[in-house]
Amino acid sequence: MSDKLSYKVADISLADWGRKAIEIAENEMPGLMKMREMHSESKPLKGARIAGCLHMTLQTAVLIETLTALGAEVQWSSCNIFSTQDHAAAAIAKTGVPVYAWKGETDEEYIWCIEQTIYFKDGKPLNMILDDGGDLTNLVHSKYPQLLKGIKGISEETTTGVHNLYKMKSSGTLQVPAINVNDSVTKSKFDNLYGCRESLIDGIKRATDVMIAGKVAVVAGYGDVGKGCAQALRAFGARVIITEIDPINALQAAMEGYEVTTMDEASKEGNIFVTTTGCADIVEGRHFENMKDDSIVCNIGHFDIELDVKWLNENAVKKVNIKPQVDRYLLKNGRHIILLAEGRLVNLGCAMGHPSFVMSNSFTNQVMAQIELWTNTDKYPVGVYFLPKKLDEAVAAAHLDKLGVKLTKLTDKQAKYLGLDKEGPFKPDHYRY
């Protein structure tokens with residue numbers, strides 16, 4: 001392992017710029033700061049060697065430094081070839097944390113970066129995984145199965161990665177206990193909804209400068225991400241059409257006043273298309289052929305499988321790169337398609353991703369999950385678990401002061417009437433916020 005690079009980033013000279021930006025992000029991430037305040041002396045993650053595969057952004061930098069403050073050794077790669085913020089990566093690498101990430105990796109470089117995080121500098125392998133999308137989890141299970149027995153747990157950040165964990169569990173291939181961070185209420189109902197509500201528009205605007213008011217926007221999927229995207233597009237004056245497979249989500253969309261139809265129909269009407277489903281083959285060749293001239297097409301689901309970019313590359317008459325992560329395709333019918341971020345995450349490929357405050361919710365859950373799996377290993381046989389409701393409420397509580405929120409306290413009489421502890425949890429596990 002002696003020939004291993006101590007880090008690989010785009011430009012280490014960006015570290016000072018990154019450090020200034022990280023300091024600002026810290027002030028917007030009260031949950032992570034609370035974790036440092038509570039645990040930096042006891043260091044509950046001492047001995048943990050955490051391999052992380054998650055967008056290497058300023059917010060992730062605050063997460064990494066929280067994990068190290070709590071005693072962990074950490075190595076990091078990004079979970080998307082376009083999502084790294086190079087100044088953030090440089091700032092973390094300069095502190096001595098091995099980071100292997102830069103914006104604009106090839107697919108081969110992407111896998112190489114992940115592999116660099118498997119073994120630490122002393123030759124010892126990872127014993128914890130912090131994942132976003134499942135690529136690190138899948139790589140270790142398929143290529144490094146001899147290491148699985150030494151791994152105490154996996155914490156998974158996003159919907160796509162959680163789907164992957166449940167598929168592995170049902171097929172019997174999952175060999176490590178995992179916590180589903182995505183479905184913590186303070187993750188899915190905040191990051192997925194409010195984060196996308198702001199960062200989608202940021203990505204589209206930075207990439208295209210398009211006027212959204214008056215346009216027809218098509219949002220594929222009406223889960224938490226789709227809800228946030230639809231709200232944002234409507235707020236900017238677009239007429240929004242939803243596509244859905246689930247009758248419950250479709251009914252929700254209709255009751256909010258959105259038109260709900262199929263992509264075959266919507267592709268003829270839209271000017272802006274956003275996929276949010278986490279599923280494959282949402283926009284296919286026939287849909288591109290239906291679209292109006294210069295329709296803008298983008299994806300905010302984790303992988304680039306939602307849009308048939310391969311069809312565009314094979315069937316377009318011409319492809320012109322307008323600027324980084326913005327490509328204009330000329331189709332045989334004479335119309336153009338503007339594709340953002342090559343069909344990958346538009347909010348991170350074309351903008352800066354979610355704001356720090358909402359990511360503090362998600363990443364505080366990640367820290368709690370890592371502590372839980374590392375310190376209470378015996379409680380977690382192989383399977384997929386949720387964080388307890390009490391911890392979910394604690395994440396929310398850590399963010400209230402920053403917003404000037406004053407919480408009402410139950411009286412003894414009220415608590416007795418409701419059958420609750422005055423300090424919570426306040427809702428049953430099955431409650432749908």
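The backbone N, Cα and C atoms fix where each Cβ goes, and this holds for glycine too.
Here is what Swiss-Prot records for this protein:
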type	residues	note
BINDING	THR57, ASP132, GLU157, LYS187, ASP191	substrate binding site
REGION	184-351	region 'NAD binding'
Practice task
Quick one: give me the count of other CB atoms within 10 A of the CB of ASP132 (substrate binding site).
Solution key: 27
Exercise for the section: Sort out the sequence-distant neighbours of ASP191 (substrate binding site) for me: same chain, 6+ apart, CB within less than 8 Å of its CB, listed by position. Expected result: HIS354, VAL358, MET359, ASN361, SER362
Fill in the blank from the handout: THR57, ASP132, GLU157, LYS187, ASP191 bind substrate per the record; greatest CA separation between any two, in Å, is 17
Fill in the blank from the handout: Averaging the pLDDT values of the region 'NAD binding' (184-351) gives 98
Practice task
Return the residue, from the listed binding-site residues THR57, LYS187, with the maximum count of other C-beta atoms within 10 angstroms of its C-beta.
Solution key: LYS187
Problem - DSSP three-state assignment (helix, strand or coil) for LYS187 (substrate binding site) - result: helix
